[in-house]
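Trainee: Taken from TrEMBL, the feature domain 'ABC transmembrane type-1' covers B:140-349. Summarising the annotation, TrEMBL assigns transmembrane segment to B:26-45, B:51-74, B:86-117, B:137-165, B:177-203, B:209-228, B:260-281, B:331-353.
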Amino acid sequence: MSKRIEVNDLNVYYSKFLAVEGVSLTIEPRTVTALIGPSGCGKSTFLRTLNRMHEVIPGAYVKGEVLIDGNNLYGPGVDPVLVRRQVGMVFQRPNPFPTMSIGDNVLAGVKLNNRRMAKSDADDLIEKSLRGANLWNEVKDRLDKPGSSLSGGQQQRLCIARAIAVQPDVILMDEPCSALDPISTLAIEDLIEEMKADYTIVIVTHNMQQASRVSDRTGFFNIAGTGKPGRLIEYSDTTTIFSNPSIQATEDYVSGRFG
Amino acid sequence: MSTTTVAVPLTNSLTAGKLPRHSGPVVLLVSWLVTAAVFLIVQLSGASTSFNVAGTLFFGTVLYCIAIYLLSFFVEGVRKAKDRLVTALVTAAFVIALLPLISLVATTVISGLPAFLTPTFFTSSQRNVVGPGGGALHAVIGTLLITGLATLISVPIGLLSAIYLTEYGRGRLARAITFFVDVMTGIPSIVAGLFAFALFSLLFNDPGIRFGFGGAIALSVLMIPVVVRSSEEMLKLVPNELREAAYALGVPKWLTILKVVLPTSLAGIVTGIMISISRVIGETAPLLIISGFTASMNYDLFNERMMTLPVFVYTQYANQGTDTQAYLDRAWAGALTLILIVMVLNALARLIAKLFSPKLGR
């Protein structure tokens, strides 16, 4: 189910502005990869290029290639919609659909695509996804209530359930815990740990403890100055990045002596 | 809130002077009484023949503003005094704004009710009626048909334009559309009527053409920009995060718009459409030109003249017969019917908005 991601010399542009330059890395299947770095250094921009969400912003485009199990996402004739069905995404702020119930939110990927599903299959998928997101016990009695009636942490886990309900190969998480309290954060970190068995996970985070807790590999992004493109400075095992980084800038950042 | 806490030995440094609780209304009443007394003296002295109610209320309110400011200034300090003064002014402005509306509704109800309540008003047309009696059924039917058709034409065009502008439109074409929509909102309604008349008289080569469909076209010209504008604002309010959430699930753009963006903003769009209907349902000038007026029933939008309520009101008033009062009564009753239709539409819009709005309750 999980897949290997290979990025070769990727440049990301917003119109004429080069936002991220020359990123090359390989993400192994069934691993958690954390991307850390200061604000505005292009972590989220890079993450969004991994499922072509980047181009939703007008004027944005990409040069270089991203291979998922050898298939180039940016090859000619590639349909971004098909890419996004393989590579799911969880956003910084929980964003359940306000017009849908909790159950419908989980089924959103199916229902919005006009696919029909037997009632029993749908119920199974809801239960499986919500169990996968560690939310089933909390919401099983009120699946018909609106998704916005949940707390922030529950909403974020609902969004994760929604993302895994379409059975993607890769899940991207853009600072999934930044709007949550420590207990909800812990719940989601535990969840990431469990999900690692089935999915390839890439997570952007500002919290270095979180990166060291959940990830196997860590990439450090940095920016030389305002208006300059962000770059991948170092990419290595998480333990190496946090204990024995090979580049001075990485060590300054992870030890808090940055800037 | 009289703070008579004598038992507490310590003085709280956060306390400040405060007027008694109902001092506002009391001061207002006293001001009105004082001015009333002044006007009574003026009347009794013979300088005026009648008691001046409007003057009493006006000068009483002015006196209240001054009195409450001074009173509050000396007891509560300058900040509270300003607050009370501005509160008084804002409330007065609100009441003044409301006065014409209440007066208008009251006049219409009082003058329109006699004819409105006659049994024939909603069962017959004006055909062969010269004195009292007859009804406005032909006008009600005409208004509903023409406005309904105008809505059927305008809503798809307007809504799709709004979707284009918010979801797809970039660059020059989108800016041109926005500009022309803005220009179209400013078109005088008579111009829309002349446009429809010119269009159809040229198309059918008939210099005296009158039919309901033309009226619907004229109303659409007025209605489309309002629908575009209001729907566009509503669609813009849908958070981008919801669109991105749908895209990230592998949902194509058109399905995202259809199943996420539109349902989320449906309540606002429906309200906007209802407002645009209210805007055109009372149009007289374009319908007078292209739909004409008649005393008979006409259910066919594509043939013959068609009466509408605003035009009915106008003709009843403009072409009074020998029994003047009967015609005036019918004009007022027509106006009352129109107001009632708009009120029902607004109530419907609120109901729909409530039913469709995203549920936030627990």
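Any Cβ shown, glycine's included, is placed from N, Cα and C.
Please treat TrEMBL annotations as automatic predictions, because they have not gone through curation.
Where in this structure would I find these features, and how exposed are they?
Mentor: Long-range contacts of the transmembrane segment (B:51-74) within the same chain: residues 19, 23-24, 27-28, 30-36, 38-40, 42-43, 80-85, 88-89, 92, each at least 6 residues beyond the stretch ends and with a Cβ under 8 Å from a Cβ of the stretch.
Listed as Cβ neighbours of the transmembrane segment (B:86-117) (distance under 8 Å, sequence separation of 6 or more from its ends, same chain) are residues 61, 64-65, 68, 326, 328-330, 332-337, 339.
Long-range contacts of the transmembrane segment (B:177-203) within the same chain: residues 161, 164-165, 169, 209, 211, 214-215, 217-219, 221-222, 224-226, 228-229, 283, 285-290, each at least 6 residues beyond the stretch ends and with a Cβ under 8 Å from a Cβ of the stretch.
Remote same-chain residues near the transmembrane segment (B:209-228) are listed as 142, 145-147, 149-151, 153-155, 157-159, 161-162, 165, 181-182, 184-185, 187, 189, 192-193, 195-197, 199-201, 272-273, 275-277, 279-280, 283, 286-287, 289-292, 298, 300-306, 308 (criterion: CB distance under 8 Å, separation of at least six residues from the stretch ends).
The list of residues near the transmembrane segment (B:331-353) in space but at least 6 beyond its ends in sequence, with Cβ under 8 angstroms from a Cβ of it, reads 105, 108-109, 111-116, 121, 136, 139-140, 143, 267-268, 270-271, 273-275, 277-278, 281-282, 309-310, 312-314, 316-317.
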